[in-house]
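Here's what TrEMBL has on this protein:
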DOMAIN    105-237  domain 'AAA+ ATPase'
REGION    329-351  region 'Disordered'
COMPBIAS  337-351  compositional bias 'Basic and acidic residues'
Amino acid sequence: MAGRAQDVQTLVQRMARRYQRTNASLGDSLRELLRSAPTAQTPLRGVGNAASLPLDSDSRLPLIRAEQLGPSVPLVLTPSVRAVLEQLRDEHRNTDRLARQGLTPSRTGLFTGPPGVGKTLAARWLADELKLPLLVLDLSSVMSSYLGRTGSNIRKVLDYAKSSPSVLLLDELDTVAKRRDDMAEVGELKRLVTVLLQEIDDWPASSLLLAATNHADLLDPAVWRRFDLAVKFPLPGPVELEEALLHYCGNEALRNTAFLVRILKGSSFADAERFVMTARRKAALSNEHTFDILLSMGQERMTQMNHAERLQVALDLVQDGSLSQRGASELTGVSRDTIRRKQRADQEQHA
Ligand SMILES: Nc1ncnc2c1ncn2[C@@H]1O[C@H](COP(=O)(O)OP(=O)(O)OP(=O)(O)O)[C@@H](O)[C@H]1O
Ligand SMILES: [Mg+2]
């Protein structure tokens, strides 16, 4: 059950045999299931199998990472980005319905956005949802090798991904555009870009080609236009940050997310996760509560916040009983008097 298809198949086989006499129709359905299940011979099992990955012709190292299917990290998204990804998933799940209208699913997608906002994670999510292997080609590492070989390496990977249904992620796409240092290589680079653009144009609908970059501005408009779909991943807003923080905090009751959301405003998901995990690790090795460590770590961040923002943090912490007025004042550097006055003003406004 933990991703071991072979074990499950053996179990189902045994059940089918057992039910053959007592419940023939159930036995038949089970056997039918087994017939349609992937076997060692189906291409789906071949893709992502470490033994068959395309290799660099010199180093003999695999050119791509094949990510295993499995429980994915919960992906938190703004509603508009989620809608686009779900549409993409639904198109690939319903190719027959599209075909009846003479349509094909979107074959290629370009993910742009700052680091740590879920571009790679979204590719992983799509592969999981579609039950396809995820193949990741990190262009920044392929590009570091001799360019002439880069072209043939990239072609090998693309052919491999096209040969059977999969999700191929071209990560760090901008490195192709960025490498302009050596003039002697410009011709080679142009050929490489041409290869890529051609592949994007001709990509088959059976596999999904995704590309991710956090330097969208470096990409040629011609590259943008090539993709069926362009998805902009923004930095998380307060709502998304709060949702993600609840995941990162695990079982530890989080007394005050409002405080953390304010402290981490403008951070990526990855930054927020690192912040919380650091606190949890510190807490695990000390006798302090995670929340108290988060408070003292937050104090450092407050040096970059203006007075009004720090006042809001203080009010959050006083209002939910996390800190006394004095404690909040010490933490935020806002005077007790100011906190008290603002609190009274808020209460009066409420009344
Ligand atoms: N939308 C999100 N929801 C929940 N967690 C996220 C999200 N985005 C990022 N994270 C956390 O940050 C980590 C890094 O995210 P990911 O690799 O997807 O970022 P990225 O956008 O691909 O960044 P880069 O441009 O640096 O490659 C994830 O493993 C996850 O823990
Ligand atoms: Mg990434």
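Note that Cβ sites are derived from N, Cα and C of the backbone, with glycine treated the same way.
TrEMBL entries are annotated by machine, without manual review.
Listed by sequence, the residues of this chain that lie at least six past the ends of the compositional bias 'Basic and acidic residues' (337-351) yet keep a Cβ under 8 A from its Cβ atoms are 311, 314-315, 318-319, 325, 328-329. Under DSSP, residues within the compositional bias 'Basic and acidic residues' (337-351) fall into helix, strand and coil as 14 helix, 0 strand, 1 coil. DSSP assignment over the domain 'AAA+ ATPase' (105-237) gives 68 helix, 25 strand, 40 coil.
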